[in-house]
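Undergrad: My structure is below; once you've seen it, I'll send some questions.
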Amino acid sequence: MKFQILSVAALASLASAVSDALDKRDSPLDVSLEVTDNTNVKATIKNTGTEDLKLFKTGTFLDDSHVEKVEVFRSGKQPEQVAFEGLRLRVSTANLDESAFKILKAGETIEAAFDIAVAHDLSVGGDFDLLTEGAFAYANLDSTSIAGAVPFTSNKVTTAVDGAKAGKVRRDWIDLAKRTIVQSDCTGSRGTATRTALSNCASLARTAANAAVNNSAKLNEYFKSTSSSTASSVQTVYNRIATQCGSTTSGDSTQYCSDILGACAGGVLAYTSPSTSQMVNCPLFFNQSPLSSQCHAQDQATTILHEMTHLRQVKGTSDYGGYGYQFVRSLSAAQNLNHADTYTLFAQALYAQC
């Protein structure tokens, strides 16, 4: 992990596809996609139910920042998913602000527009398939506490992409991200907090790496398997995390203490750009405790660990649109192996002796 005094200015987006285990049959959300111009997409969402819904926008296609709003596949007999090149988040599960929500009244329809070429390399051109599926977390109308989740699945859209135009969109965003200004953002109390979190992260990861091969009950609780291949895979991830968190002068990632890519709204604690190995701690991060002994709590150390799993050099995990212990338990074993909060909560549970 390297600290950086250089800042960038805006890049790409995060992913939030959800667990297949979620039941989508009775959802009141009707979501449809439409391509309006080359790689520009309009998403329409209608509340077909009889009750108003207070939807949590962060990390969804209603988010103003660049997050993974659709899944993109190269068309063919065996569709190949196009790698997502945007931001991955860790979101607070408490003390959320009203601005993070959108009330969708019964019978109401709203739209969101975005360009998929910002965070997907579509420069080869040709036919691509698009769809979005997942779940919106929601709160009761008089609250900002998450009360549950509403699943959704959109239609599939096939579109012909002009590769030259799509490539220019992507290059323009990359060029913007490379425009740097000098700033000493990881200094003072923020620098101290970040260095402490990295040290605690390394300690948590080392303990978790050992438990992966020596604590089958805990491994089964979080990863739903005790096979030697699962244990070895999980141990490898934690060993990589321990290496990344173990140094502030070397490693594959760069740590920032200010919102260099403008994605710290809506309850975001921290975010990562896996394609550039940039990690950002948001203002909310510095309001967390350094390391909590409460079961499944969020703190600075586990937020760092969560974001580390998103790095391609570590695992390249997804969030599947969900956070917390209950969501971890709802996933399949295969999904747990690629889910950031599963690794986070396994390590935290060992420390908190859950």
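Residue numbers in this text run from 1 along the chain shown.
Keep in mind that glycine also has a Cβ here, set from the backbone N, Cα and C atoms.
Relevant sequence annotations retrieved from Swiss-Prot are reproduced here:
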{"type": "SIGNAL", "residues": "1-19", "note": "signal peptide"}
{"type": "DISULFID", "residues": "CYS186-CYS257", "note": "disulfide bond"}
{"type": "CARBOHYD", "residues": "ASN214", "note": "N-linked glycosylation site"}
{"type": "DISULFID", "residues": "CYS264-CYS282", "note": "disulfide bond"}
{"type": "BINDING", "residues": "HIS306, HIS310", "note": "Zn(2+) binding site"}
{"type": "ACT_SITE", "residues": "GLU307", "note": "active site"}
Undergrad: Could you check which of the recorded positions (CYS264, HIS306, GLU307, HIS310) sits closest to CYS257 (disulfide bond), going Cα to Cα?
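TA: Comparing Cα positions, the candidate nearest CYS257 (disulfide bond) turns out to be CYS264.
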Undergrad: At the Cα level, what's the spacing in Å between HIS310 (Zn(2+) binding site) and CYS186 (disulfide bond), rounded?
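TA: If we compare the Cα positions of HIS310 (Zn(2+) binding site) and CYS186 (disulfide bond), the gap is 21 Å.
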Undergrad: Look up CYS264 (disulfide bond) in the DSSP assignment and report helix, strand or coil.
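TA: Going by the DSSP assignment, CYS264 (disulfide bond) belongs to neither helix nor strand, so it counts as coil.
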Undergrad: According to DSSP, does HIS310 (Zn(2+) binding site) fall in a helix, a strand, or coil?
TA: helix
Undergrad: Including all protein chains displayed, how many Cβ atoms other than that of CYS257 (disulfide bond) lie within 10 Å of its Cβ?
TA: 24
Undergrad: Given the binding-site residues HIS306, HIS310, which one has the fewest other C-beta atoms within 10 angstroms of its C-beta?
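TA: Selected from the binding-site residues HIS306, HIS310 on minimum Cβ neighbours within 10 Å: HIS310.
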Undergrad: Give me the CA-CA distance between CYS282 (disulfide bond) and GLU307 (active site), in Å, as a whole number.
TA: 12
Undergrad: Between HIS306 (Zn(2+) binding site) and CYS186 (disulfide bond), find the distance joining the two CA atoms and give it rounded to the nearest Å.
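TA: Per the Cα atoms, HIS306 (Zn(2+) binding site) and CYS186 (disulfide bond) stand 19 Å apart.
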Undergrad: Could you measure between ASN214 (N-linked glycosylation site) and CYS186 (disulfide bond) for me? Cα positions, answer in whole angstrom.
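TA: The Cα atom of ASN214 (N-linked glycosylation site) is 37 Å away from the Cα atom of CYS186 (disulfide bond).
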